[in-house]
Amino acid sequence: MTNIRKTHPLMKIMNSSFIDLPAPSNISSWWNFGSLLGACLAIQIITGLFLAMHYTADTTTAFSSVTHICRDVNHGWIIRYLHANGASMFFLCLFIHVGRGMYYGSFTMSETWNIGIILLFTVMATAFMGYVLPWGQMSFWGATVITNLLSAIPYIGTILVEWIWGGFSVDKATLTRFFAFHFILPFVITALVMVHLLFLHETGSNNPLGTSSDSDKIPFHPYYTIKDLLGLLFLLILLMVLVFFSPDLLGDPDNYTPANPLSTPPHIKPEWYFLFAYAILRSIPNKLGGVLALVLSILILAIIPMLQTTKQRSMMFRPLSQILFWVLTADLFILTWIGGQPVEHPFITIGQMASILYFSLILIIMPTVSLMENKMLKW
């Protein structure tokens, strides 16, 4: 008798995706982050659902409803901090996942890569709107500053900003719609994840060598299910250490002050995972130029496949490209640090230099070095 998992219409899909899926035999732990992102998404949806049961999306009660969750709801504090720090874990895994794709040349699978970029934008939008919901000082002013950037768009900018606000400033209408979008977008993300996996399973996974692994496949279960569970264990340990020992480590103290439109915080800054893009935005003196640079800092991922000049897919055997990849990583760390600093000397200059280096590395230096490596292959 045939196994039910191979005949049942629903279980057949699960079986071909997670059990009998042929996977390359040599994929390393850098390939764990896809499943970790799935786990993060599940944690965020579950904790978010429980938070939404007690949260009120109204400017007069939003802040106190979050306080109520932490003080009065059974285990409310743990749900709230799991959600807040879960977002940090989500972005940590996202950045590593994208970096892995760049390092090993996974961007050659264009549909999977492009859906991934759409996913990145959607997750960033969701996280931004979620940060506004507690209605603290940084929530309010962060929302004001970031939405105001759209006013830099010629002709329609001002109308667009007021349309998003639902009035002439960030107010009750803005909070209500941000809550609605923050609630619905994770389900949109889940749908996009399914499309992402659909396209991935059309081509099969890449591997560290960047070569075809058709001749050497192993079943996903039990080999990679066990491997993913180990990764999940490490992720949960890190998340629990954050939640139980220093839940506010990655947050901003200003967000413990209720939103006050009459008093601006000394340094308006987003959560750590947006700081690199915020630093690029601030490094350009012109408003429209800054907004364009901000969008391009992420959208540049879409043109990486077009900039590929190398004859080898992976960076595994390209030492010069490896060095540049880690220079780019260090540059992103510098941008993240600069984004959290005040706008004054020497931070302005460092931010501008790091921004120029970021775009130069991806657009000019890395493709040029790849061409040099092609020449060196002939020696």
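Backbone N, Cα and C atoms are what each Cβ position is placed from, and that goes for glycine too.
Record features, source Swiss-Prot:
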TRANSMEM  33-53  transmembrane segment
TRANSMEM  77-98  transmembrane segment
BINDING   HIS83, HIS182  heme b b562 binding site
BINDING   HIS97, HIS196  heme b b566 binding site
TRANSMEM  113-133  transmembrane segment
TRANSMEM  178-198  transmembrane segment
BINDING   HIS201  ubiquinone binding site
TRANSMEM  226-246  transmembrane segment
TRANSMEM  288-308  transmembrane segment
TRANSMEM  320-340  transmembrane segment
TRANSMEM  347-367  transmembrane segment
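Location within the structure of each feature annotated in Swiss-Prot.
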residue: HIS83; record: heme b b562 binding site; Cβ contacts under 8 Å, 6 or more apart: GLN44, THR47, GLY48, LEU51
residue: HIS97; record: heme b b566 binding site; Cβ contacts under 8 Å, 6 or more apart: PHE33, GLY34, LEU37
residue: HIS182; record: heme b b562 binding site; Cβ contacts under 8 Å, 6 or more apart: GLY48, THR126, MET129, GLY130, LEU133
residue: HIS196; record: heme b b566 binding site; Cβ contacts under 8 Å, 6 or more apart: THR112, ILE115, GLY116, LEU119
residue: HIS201; record: ubiquinone binding site; Cβ contacts under 8 Å, 6 or more apart: SER16, SER17, LEU21
Contact between the transmembrane segment (178-198) and the transmembrane segment (113-133) (3 or more Cβ pairs under 8 Å, separation 6+): yes
Chain residues in Cβ proximity to the transmembrane segment (288-308) (below 8 Å; excluding those fewer than six residues from its ends, i.e. six or more beyond): 98, 102, 105, 107-108, 110, 113-114, 117, 120-121, 124, 149-150, 152-154, 276-278, 280-282, 355, 358-359, 362-363, 366-367, 370
Remote residues contacting the transmembrane segment (320-340) - C-beta distance under 8 A, at least 6 residues beyond either end: 99, 102-103, 269-270, 272, 274-280, 282-283, 310, 347, 350-351, 354-355, 357-358, 361-362, 365-366, 369-370, 372-373
Cβ-Cβ under 8 Å with the transmembrane segment (33-53): same-chain residues at least 6 beyond its ends: 69, 79-80, 82-83, 86-87, 89-90, 93-94, 96-97, 100, 182-183, 186-187, 189-190, 193, 228, 231-232, 235, 239
Residue numbers, six or more beyond the limits of the transmembrane segment (347-367), whose CB comes under 8 Å of its CB atoms: 279-280, 282-284, 293, 296-297, 300, 304, 307-309, 321, 324-325, 327-328, 331-332, 334-335, 338-339, 341
